[in-house]
Amino acid sequence: MNCLFLFKSKKPRKQQKDNNKNKRKGKELLQNSAPELTNRSETSSFNLQTPRSLPSPRSIKDLYTEREQNLRVFSYEELSKATYVFSRKLVIGEGGFGIVYKGKILSNGDSSDPPLVVAIKKLNRQGLQGHKQWLAEVQFLGVVNHPNVVKLIGYCSEDGETGIERLLVYEYMSNRSLEDHLFPRRSHTLPWKKRLEIMLGAAEGLTYLHDLKVIYRDFKSSNVLLDDQFCPKLSDFGLAREGPDGDNTHVTTARVGTHGYAAPEYVQTGHLRLKSDVYSFGVVLYEIITGRRTIERNKPVAERRLLDWVKEYPADSQRFSMIVDPRLRNNYPAAGARSLAKLADLCLKKNDKERPTMEIVVERLKKIIEESDSEDYPMATTTTKESSQVRRRQVAKPEKQSLRGVSVRG
């Protein structure tokens, strides 16, 4: 990655004119392709600072009217230079509707400032759903502001001779995703406390979305990105949508997302609720407990589906320790792990009305972390023959899985 360089303009005045031209052109293209994005914001700013602090809005609709879309408009040429003409050597993520590159841009468009490392998502021109998701991310991430939601710096929208070009520019997340650390092919193991802290941050991000009456719809370990301090940030908002209004209990929508994480009521009926996200959160809680993916086809039949498998090892049973990630080498608090499994079980209730709100989940996680800090561990090692067999199967090499979406990770 040391080959990255930045193209600096020798004519600052000309560059400023070009930037202003790109800004006007980008806004015009958005007005033509998605007028709902620009009607809610009269200006797109080059300022990369977080939006000004405002009273807590009632919903995301209030944000659309109260805040400007604080986004920078890039030219295609600028982003092409930032990535060495979209070099394959700089690819950090790839999925069905686009590719993510690592690049460097001028900070605030000023060549005198140090370059800014970013993640650039380039939409696949053949992607049927990609353009709609691109618009959704520009619309949503242009106005939200939370430490546990990835920051969108800007976008590019050009219709040129080479065809339609749609790109998004995000802050760069140097520690990739929770998935990359939880299911590694190397020896590194994510410590127990760090797993809890990451899930707490992710829960606070979801709570923020739910306060805005936004349903994330795609919570999974690969969408929880980690910065250089391992602070978690939710990413990929192409599937997010506004929740129900008034007396409505749900919104009905096409069933999309990732198999294994979606709530049963959504899969069966297409009815989407805020607590559909809570279910997905429960799935990831079991992923951090077990160190297993929600679906692993290389396991014995009885163990291929994570949620079916863990039912055989209830949190209150003596056999529970058999499902805890063996890579932790017993360096986790026994009571804390059981409490976390019980919280996951609440999140996974079939009846969504019985699931806790994300606000309650946050409080429970804080309590579990506090109790875990006061508990002595490593816990006693299980030495039964059955436990050894389970653990040997757990450390088997995971199957290679392709990404369904594109994450902003490096």
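Easy rule for this one: first residue shown is 1, then count along the chain.
Including glycine, each Cβ sits where the backbone N, Cα and C put it.
Here Swiss-Prot flags Cys3 as S-palmitoyl cysteine. Residues or ranges marked as region 'Disordered' in Swiss-Prot: 11-59, 373-410. The compositional bias 'Polar residues' annotation in Swiss-Prot covers 30-53. The domain 'Protein kinase' annotation in Swiss-Prot covers 86-369 and is backed by sequence analysis. The annotation ATP binding site is assigned in Swiss-Prot to Ile92, Gly93, Glu94, Gly95, Gly96, Phe97, Gly98, Ile99, Val100, Lys121 on the grounds of sequence analysis. For Tyr170, Tyr266, the entry in Swiss-Prot reads phosphotyrosine. The active site, proton acceptor feature in Swiss-Prot is assigned to Asp218. Annotation source Swiss-Prot lists phosphoserine at Ser222. The phosphothreonine annotation in Swiss-Prot covers Thr253, Thr258.
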Review point. Quick one: Cα separation, Val100 (ATP binding site) versus Tyr170 (phosphotyrosine), in Å?
Key: 10
Point to revise | In sequence order, the recorded positions (Ile92, Glu94, Gly98, Tyr170, Asp218, Tyr266) whose C-alpha falls within 10 A of Thr258 (phosphothreonine) | key: Asp218
**Study point:** Thr258 (phosphothreonine) - helix vs strand vs coil (DSSP)
**Key:** coil
Exercise for review: Do me a favour and check the Cα-Cα span between Gly98 (ATP binding site) and Tyr170 (phosphotyrosine); whole Å is fine.
Suggested key: 14
Point to revise | Fewest other C-beta atoms within 10 angstroms, as judged across Glu94, Asp218, which are the recorded positions | key: Glu94
Practice item. Could you tell me which three-state DSSP class the residue listed as 'phosphoserine' falls into? Key: helix
Practice item. Pop the Cα-Cα gap between Tyr266 (phosphotyrosine) and Glu94 (ATP binding site) into the table, whole Å please. Key: 27
Revision key, fill the gap. For the residue listed as 'active site, proton acceptor', the closest of the recorded positions by C-alpha position, picking from Ile92, Tyr170, Tyr266, is Tyr266
Review point. Of the recorded positions Ile92, Tyr170, Tyr266, which sits closest to Ser222 (phosphoserine) by Cα distance?
Key: Ile92
